[in-house]
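A.B. asks: Handing you this structure, nothing more for now.
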Amino acid sequence: MRNILTIFLLTSTFFTGILWIIDHILLIKNYFYNKKKTKNNNTILINKVILENKKCFFRSLSSLFPTFFIVFIIRSFIYEPFQIPSGSMMPTLLIGDFILVKKFSYGIKEPITNKTIIKMNLPQRGDIVVFKHPKNNIDYIKRVVGLPGDKIQYDINRKKIKICINYTNQKNCENKLFITYSKPKLSNFFQKIYLLKSRTNEEEKVYNSIYFKKVEEKINNLKHNILILDGINSKINDYYQQKGMPKLIWIVPKNKYFMMGDNRDNSLDSRYWGFVPEENLLGKATKIWMSFEKKENEWPTGIRIKRIGNIY
């Protein structure tokens, strides 16, 4: 969908730009013809033709060129708006948040193929990044947890991570990041648990609701809140197994990144499908510019003014 809109903007900008150039050429011709003082009826005829050209339908279209051009430049190279469709980044980002993504955070990229034209900064640990999924090309948003060369270990029961930086096949982790977790506190977020009402027609009803616990995760000096569900774990076979590595341990390859959602038990991320190549990065999420009170697949019921601002 995003690529379709980009192609539409590019095509519209090009088409209206051509009409805009033609229109201005005709205006210039008209200006010089009007300056000429001649008794030749041909001049009058030419002026009439030019006046008719000015009233042509394409002149109305050509007037849209500046708008298409500005929107295309801003959206492709400066800031692009995105909507948060799911709860995988709760509590940092909620369903109904509309965010701005800084497109030039990690370089200037060609808007259609996403190939880097000018390379700039590299992603930092803790950045919230929009990227293309490495397999299905869908836009995702997650937090950068692992950088190239990191060894990531995930504790499936305690819901905690260990990170060894600049790992080069050593048996013991010599450069381990200092990671701490606060005591879990009950949050206002909950997940509905469904029970089959009838196995014949597969009707469902709400059986119970489990509230998430909020934990502050601090990686060196970077801290953010995450959500966990006590007593609920994914099957170990659901996790991505890197070639030559045991389950739940990954070594981040060169020019790739390990992404995780802040809603740890409701996020399909690098733990399940692997690493994100650098060329798939679209930009860094920086601000919430609008936030609607809504649930997934439902209409908004209000506006969350207090959520508008910077993203951390």
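Any Cβ shown, glycine's included, is placed from N, Cα and C.
Dumping what Swiss-Prot says about this protein:
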| type | residues | note |
| --- | --- | --- |
| TRANSMEM | 7-27 | transmembrane segment |
| TOPO_DOM | 28-63 | topological domain 'Cytoplasmic' |
| TRANSMEM | 64-84 | transmembrane segment |
| TOPO_DOM | 85-312 | topological domain 'Extracellular' |
| ACT_SITE | Ser88 | active site |
| ACT_SITE | Lys142 | active site |
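Please go over these features one by one and say how buried each is and what sits next to it.
C.D. replies: Listed in sequence order, the residues of the same chain lying 6 or more apart from Ser88 (active site) and placing their CB within less than 8 Å of its CB are Ile141, Lys142, Gly261, Asp262, Asn263, Asn266, Ser267, Leu268, Asp269.
There are 24 other CB atoms within 10 A of the CB of Lys142 (active site), with all protein chains counted. Lys142 (active site) carries a strand DSSP state (E or B).
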A.B. asks: What does DSSP say about Ser88 (active site): helix, strand or coil?
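C.D. replies: Looking at the DSSP assignment, Ser88 (active site) belongs to neither helix nor strand, so coil.
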A.B. asks: Looking only at the topological domain 'Cytoplasmic' (28-63), what is the mean pLDDT?
C.D. replies: 60
